[in-house]
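A short write-up of the structure that comes next.
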Amino acid sequence: MKSEHEGSVESGGGPELLDGLVSLDKDSQLQRGLKSRHIQFLALGGAIGTGLFVGSGGILAIVGPLPLWLGYLSQMFVVWCVMNAIAEMTTYLPMRGITLPYFTNRYVDGSLAFAAGWNYWYAYAILVAAEASAGAILLDYWNTPVHPAVWITIILIVCLALNIIAVEVFGEAEFWFASIKLITILGLIIVGIVIMAGGAPDKGAIGFGTWNDPGAIKPYVATGSWGNFLAYWTAFVRAGFSFITSPELIGLAAGETVAPRRNIPKAARRFLYRLALFYGVSSLILGCLVRSDHPQLLSPESNANASPWVIGIQEAGIGGLNHVINAAILTSAWSAGNAFLYSGSRILYSLAATGQAPHFFTRTTRRGVPYAAVLGTWSLGLLAYLNVSENGATVFNWFMNISTISGFIAWIVVLITYLRFRSALKFQGLLDTLPFKTIGQPYLSWFVLFIVSLLTLTNGFQVFAIKAADGGFDYKNFLAAYITIPAFLLLYVGHKLVYRAPLAKPLADIDVVTGKKEMDEWCEADVKPVPKNWIQRVWFWIA
């Protein structure tokens, strides 16, 4: 059943393009360079950054170990639902060149897609600056005589080189970046369990002792049950920084992924399990290793001294591991910055291809790398040089707050897009044609949409209860928490007023057909690899 408003297909003698953006050409589909292990580790590389190592310690200091753990578990559930929504849409139409704002434009509305696209690009570009800034601070942990600006330059140059050479080089580098981090984190989790069980040289078994002294929960803003709930909600909100934009990385990579209808669902399913290990287990262990009233958790220095892993190992009397941990955090920052630059450049390229950004950003290399968009996104990462100022940690926190609220808004748009996509499929009798279906839909998406909307509106609720240091209204934190909301609305409403578009496309007019036939035919040619021995069987399961 065809909709009345189908996407326009352009050729002009070159590859067949849908809406001037995504490719339906069979030959171009074969130019995909990301394999299963690349996209799985790409998503993990984006999810595991400084939030896991340093941000978790800040949450622990404010609200205690139990809200820290529950906050990460709750955020993992949100990420899982967002990931499922993205996986369903991208496996249905895994066309080369797709982005999430493209789907928003196709299934919901051009104004929402315009605002979402620029919000995504802004968030990714700011995250590049945040990770480069954090990397410079982490390198300064070793008290080197090198100026921080030099470290920032090295980090940014390497990220640029890995993104502009070729997608295969980027994917391979990100795979090894993430592998180093994952191996290190696994080692730290094992060390944490050993310390809890009494394996440290200077202490006996500590178990969950910190949950009794100083306590499992530190009431926040209020007292009693209300204070305990607000402690949990604060942890829930602040845990978002560790996860924002990470599920979208798989969706953005779908157009450059080999065998997307096999590999995208595989990556989506395993993403939750790996998050449960790296965030669920590690946040639980951290709350046991470190007292929530430890003075180093409140240190204004944004380096490994503020990492609860460092504090816990030092308290246990284990020497030398602090340098290993700092190196792991540095790798995580570098890897996450690498992934964010990749994603931001693809968003900017799609905006330019659809006429929502200067056409210059559609320029690509002979290997198809959008070098102009990469350079454009990378240039905003130069804001990391603000870290050269007297208070670099404050600059990093500003980047963190801005990107978190942008991430929440992005998830809201993703869920709205998915719900319209699913409603259009049902209305046109095509719901059964979904190649990948997840449980609980659409009810889980409606529920998570409500939760993320609450997180967005209450992101800075504490500024209304806690006064600034001078006794007045804390306008700085208020702006950091909420400035992105009016900026997003300004883009959305402004686009509406200019183009006088309706609120949303009618279900009958939503195009869920164009490109489906071509993708079905191309994906049918996929041959699933068969392991020849037990080593290959294990490797295929892992990657």
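Positions of Cβ are set from backbone N, Cα and C atoms, glycine also.
A quick note: this is a predicted structure, and the numbers were derived from the prediction, not measured.
Look at TrEMBL and you will find 38-505 tagged as domain 'Amino acid permease/ SLC12A'.
If you look up TrEMBL, you'll see 41-63 (among others) marked as transmembrane segment.
Annotated transmembrane segment per TrEMBL: 121-142 (among others), in sequence order.
For 148-170 (among others), the entry in TrEMBL reads transmembrane segment.
Annotation comment: TrEMBL describes 182-200 (among others) as transmembrane segment.
A Cβ distance under 8 Å defines the sequence-distant neighbours of the transmembrane segment (271-290), meaning residues of its chain 6+ beyond its ends; these are 40, 43-44, 47-48, 52, 56-57, 60, 64-66, 68-69, 71-73, 75-76, 79-80, 83, 182, 185, 188-189, 192-193, 195-196, 206-211, 242-243, 247, 250, 297, 308-309, 311-313, 315-316. Taken from TrEMBL, the feature transmembrane segment applies to 271-290 (among others).
Taken from TrEMBL, the feature transmembrane segment applies to 368-386 (among others). For the transmembrane segment (368-386), the list of distant contacts is 31, 121-122, 124-126, 128-130, 132-133, 136, 149, 152, 155-156, 159-160, 163-167, 337, 341, 344-349, 352, 360-362, 392, 395, 399: same-chain residues at least six beyond its ends, Cβ to Cβ under 8 Å.
Among the features that TrEMBL reports, transmembrane segment is placed at 398-421 (among others).
If you look up TrEMBL, you'll see 442-466 (among others) marked as transmembrane segment.
Within the chain, the transmembrane segment (478-495) has long-range Cβ neighbours (under 8 A, six or more residues past its boundaries) at 110-112, 114-115, 118-119, 397-398, 401-402, 405-406, 409, 456, 459-460, 463, 501. Sequence annotations record features per position, and here TrEMBL assigns transmembrane segment to 478-495 (among others).
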When you look at the transmembrane segment (442-466) alongside the transmembrane segment (398-421), do they share 3+ Cβ pairs under 8 Å, ignoring any pair fewer than 6 residues apart in sequence?
yes
Residue numbers, six or more beyond the limits of the transmembrane segment (182-200), whose CB comes under 8 Å of its CB atoms
41, 44, 48, 52, 206-208, 277-278, 281-282, 285-286, 288-289, 309, 312-313, 316-318, 321, 324-325, 327-328, 331
In the same chain, residues at least 6 away from the ends of the transmembrane segment (121-142) whose Cβ sits under 8 Å of its Cβ atoms read 49-50, 54, 148-149, 151-152, 155-156, 159, 244-245, 301-305, 323, 326, 329-330, 333-334, 336-337, 340-341, 343-344, 347-348, 351, 377-378, 380-384, 386-387, 392-393, 395-396, 399-400, 402-403, 406-407, 410
Looking only at the domain 'Amino acid permease/ SLC12A' (38-505), what is the model's average confidence as pLDDT?
83
